[in-house]
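Colleague: What follows is a structure written as structure tokens; I'll ask about it next.
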Amino acid sequence: MKYQNSLEFAQQQDAEDNLSHFRKKFHIPTDDSGNELIYLCGNSLGLQPKNTSEYIQKELQDWAKLGVEGHTEGEHPWLPYHEFLANSMAKIVGAKPSEVVMMNTLTTNLHLMMVSFYQPTDKKYKIVIEADAFPSDKYAMESQLKFHGYDEKEGLILWKPREGEELCRFEDLETILKEQGDEIALLMIGSTNYYSGQSYPLKKITDLGHKHNCKVGFDLAHGAGNIQPNLHETGADFAVWCSYKYLNSGPGSLGGCFVHERHANNKNLTRFAGWWGHNKETRFNMRKEFDALPGAEGWQLSNPPILSMAAIRASLDVFEAAGFENLRKKSVTLTGFLEFLLDEMNNESISVITPRNPEERGCQLSIQVKDADKSLHTKLTEVGVISDWREPDVIRIAPAPLYNSFTDVYGFVERLKEVLK
Ligand SMILES: *Cc1c(COP(=O)(O)O)cnc(C)c1O
């Protein structure tokens, strides 16, 4: 794609974009006078699809009309409600439907997965995460180490960018495994780093970990609905994600969990169990011993919140209509346009720390602004741009292909120039 630095070009791209009508399926936040804001923060909280309200209303109505019978009688009965999400969710993360379940929230799922896939021994107990991992992930890893009686400083190995660099190099992970592989039990890596926007080579990481007899898990908080992680093909043992960022399912909505097919029927894996993970035939026969369902479903604990799942179903139906591959294609072009316009600014105080190669990133670009502080973010907000600030000096801009336009991207860069003056 040959880009041009003009509003006309951006408008032309929007006119030619056969996904542009999806924007109308979302509520776009507005200022006090009703003007649409430039919302580039879908990496933090995705926008509300207009159909969400209807899907939630439907379940409220069924509850009102049917009471407890809604578990079996509604149009989408509540007992198997999570099953209605599996096909669409599986496509988005590149898994088989039986490998995927929506339940709990991300950090909870991470702990549940570690109960099964972090089985430390005194010789092999260390965990590798990427430096600048999201704080919650780091807290989860540290608390698991402590829970098993290990020192969290010694037990946690950080895969770091080299001195003076911003991105992690795969060969440095290889070195860590070569030197300490015998002591490492688990690699737990974010698929796409929330700070730098770097997407890691998931298959290579999995192969490397497995070669050294480690379990491998991914956090797709910034990957799900953004990049195609091809989870099944990577062979990763497990993955977790949330649904309120790129998956547009509402604040605090349920998270997702992937367990690779090869673990589907392994009832010997330690796990924390609850009745929703139990054999559906005998779930209500409360005197039976726990009999895990095959596949990811077997890790469910509780009767899940239907209203949250209704929001997820509404959102997944929008993804289904657009087609994830089409979205990803648009995303590469849209983010490329953002990168082009930032380069055109030719301003020495800004640099993009996200990889240049589209294969190594999703839609987000992390822009480092020399000597900036949070007032830059405040000024951007004042001129109608919703973005995200990360200390000490990074603005994260994430054009989401479902509802962001080329005109949004152009408008953002124009405003950035204005506030940097
Ligand atoms: C957003 C995010 C979380 C949030 O976890 P919750 O349990 O959903 O609050 C965790 N990890 C990463 C990498 C994230 O980006």
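Cβ coordinates come from backbone N, Cα and C, glycine included.
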Colleague: Going by TrEMBL, LEU106, THR107, PHE134, PRO135, SER136, ASP137, ASP219, HIS222, TRP275, ASN303 bind pyridoxal 5'-phosphate; tell me which of TYR55, TYR150, TYR244 is listed for that site too.
Modeller: TYR244
Colleague: DSSP secondary structure for ASN303 (pyridoxal 5'-phosphate binding site), reduced to helix/strand/coil, please.
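Modeller: Once the DSSP labels are grouped into three classes, ASN303 (pyridoxal 5'-phosphate binding site) ends up as coil.
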Colleague: Three-state secondary structure of ASP219 (pyridoxal 5'-phosphate binding site) from DSSP?
Modeller: strand
Colleague: Filtering LEU106, TYR244, ASN303 (binding-site residues) by proximity to ligand 1: which pass a Cβ cutoff of under 6 Å to any of its atoms?
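Modeller: LEU106, in sequence order.
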Colleague: Measuring Cα to Cα, how many Å separate ASP219 (pyridoxal 5'-phosphate binding site) from LYS245 (N6-(pyridoxal phosphate)lysine)?
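Modeller: About 13 Å separates the two Cα atoms.
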Colleague: Please name which of the binding-site residues listed here, LEU106, PHE134, ASN303, is nearest in space to LYS245 (N6-(pyridoxal phosphate)lysine), Cα against Cα.
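Modeller: It is LEU106, whose Cα lies nearest.
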Colleague: What count of other C-beta atoms do you get within 10 angstroms of the C-beta of ASP219 (pyridoxal 5'-phosphate binding site), across all chains shown?
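Modeller: So the number of other Cβ atoms within 10 Å of ASP219 (pyridoxal 5'-phosphate binding site) is 30.
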